[in-house]
Amino acid sequence: MTVLRTTKLESLKASRHINPLWGRSSTPAIFEIAFCATLVLLCPASFLIPWSALELCDGSIGKLLVRLGDMDGIYSIFNLAQESLPSVVAPMKIYGSWVVFQATLFIVLPGTTGYGETTPAGNRLWYKINGLLSWFLTIGVYILGALCSWWDADIVAKQWMGLMVAASTYGIVLTLLVYIKAHVTPSHSLDRKFSGSLFHDIFAGIELNPRIGDLDLKLFNIGRVGMTAWTIVNLSFAASQYQHFGYVCNGMIVVNILQSLYILDFFYQEDWYIGTIDIAHDHFGFYLAWGGAAWIPSMYTLQAQYLAHYPFNLSQTTALIILLVGVFGYWMFRASNHQRIVVRRTGGKCVIWGKKPVVITAHYTTSNGERHTSLLLCSGFWGIARHFNYIADLILAFAMCAPCGTRNVLPYAYFVYMTVLLIHRSIRDEDRCSKKYGKDWELYKARVPYALIPGIY
Ligand code: NDP
């Protein structure tokens, strides 16, 4: 219903449309374009790197590099990949059923209505919030299927190579589809960004929130296809460890608990997620289409994949300490994100750390020329650093990797990736907020001078 409303509104707005003052930059530098092209071309096969390291090199990236140094080594990887993928038909069918099942749940399950942030073109979109129910139902069906022998509990681990090929293919096809859709039948035409570069448009996306009917492609792809798969992949690799070794090590249990907590939170707070950068500001291209479909299930699950191959039992005390550090990181992650949301939702009429919140009323203009106001919180976690929620996330990310021990760096790839992602994200968010809020953002920076770590950065 709202899609129709915004479309009508758009035709009115088009007549007085001015260039967006904020939102993603529309003039990427040449090195950015080259970077985007490199990622689009190389990423689809990236899952082969951890897979080869796990299957052939004792989980060691160092050994993998040595093996890649001579032709025999490359052939052995190639041969094993071929053996592991006798046919793509079965995994394609499984993956196709997965996407259709998730889309069906997304559309038919009941839910509440959430509203996103105002977009640069002045649209405020509605979202059906039913992710939590969908997540529980999916896990329920997965367990029921395993109990009833419709499939094996380690089905994903067994079919890993084929499923990753299917996920990567789906991610590429979706990227191309949304690229074409953005030109031919955009959902909200004034919220498109054209960069003038094919590779940049494919990588970063053109449409902000593309939809097919009620199916919001971004929320669906990241949340249902990606985040829900994260849980199932983890459970399946835990089952695989049990199949091979006859037990599930406590490291695997800690990884599953912490990551499930993070994913459960994601769905429990789905109406919060629609206000985050992913949904509110990033356009939908390869980064989020292929990223949601293939990167999340392959890279975020590295710890479970690693432990399924090389179990690691922590002492009970170490396991408990890691669990507690992770829960502490999670608490700070949730509390900091919640503070920002509650201040915005209540218009500042709330209590942060026992006191009235300190806020800046910031002003911005949408591309239709309308002036809006928004609140910037300067107390609580948001008074410590401008992106303190990222530090909390990193503490949790480290705790998710630590149960794998210190034998190999491979399972720490998630922590390294999150560190790079969040530092880069803080830089681009600062840039966008500074364009959006102008001198109000400068005022905020004067009050809260550090971006991530007080006294350091
Ligand atoms: P935030 O939730 O921090 O949102 C940033 C936005 O909040 C800004 O663009 C601005 O948007 C608004 N804002 C900035 N400063 C303030 C303030 N002082 N008070 C109120 N609003 C403010 O960023 P993300 O969306 O990147 O991250 C959300 C969470 O998700 C983080 O904890 C992050 O760690 C996590 N995350 C996890 C990822 C994963 O793959 N596991 C990936 C990315 C993020 P506006 O224009 O509305 O003012």
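Cβ coordinates are placed from backbone N, Cα and C, and glycine is handled just like the others.
Summarising the annotation, TrEMBL assigns transmembrane segment to 29-54, 94-112, 132-153, 160-180, 245-264, 284-302, 314-333.
Note on the transmembrane segment (94-112): residues 128-131, 133-134, 137-138, 141, 155, 159, 162-163, 166-167, 170, 214-215, 220, 224-225, 228-229, 271 of its chain, located 6 or more positions outside it, place their CB under 8 angstroms from a CB of the stretch.
Sequence-distant contacts of the transmembrane segment (284-302), counting only residues of its own chain at least 6 positions beyond either end whose CB sits under 8 Å from a CB of the stretch, comprise 36, 39-40, 43-44, 46-47, 50, 164, 167-168, 170-172, 174-175, 178-179, 201-210, 217-218, 221-222, 225-227, 229-230, 233-234, 237, 259, 278, 410-411, 413-414, 417.
The largest share of C-beta pairs under 8 angstroms with the transmembrane segment (245-264) comes from 132-153, of the ranges 29-54, 132-153, 160-180.
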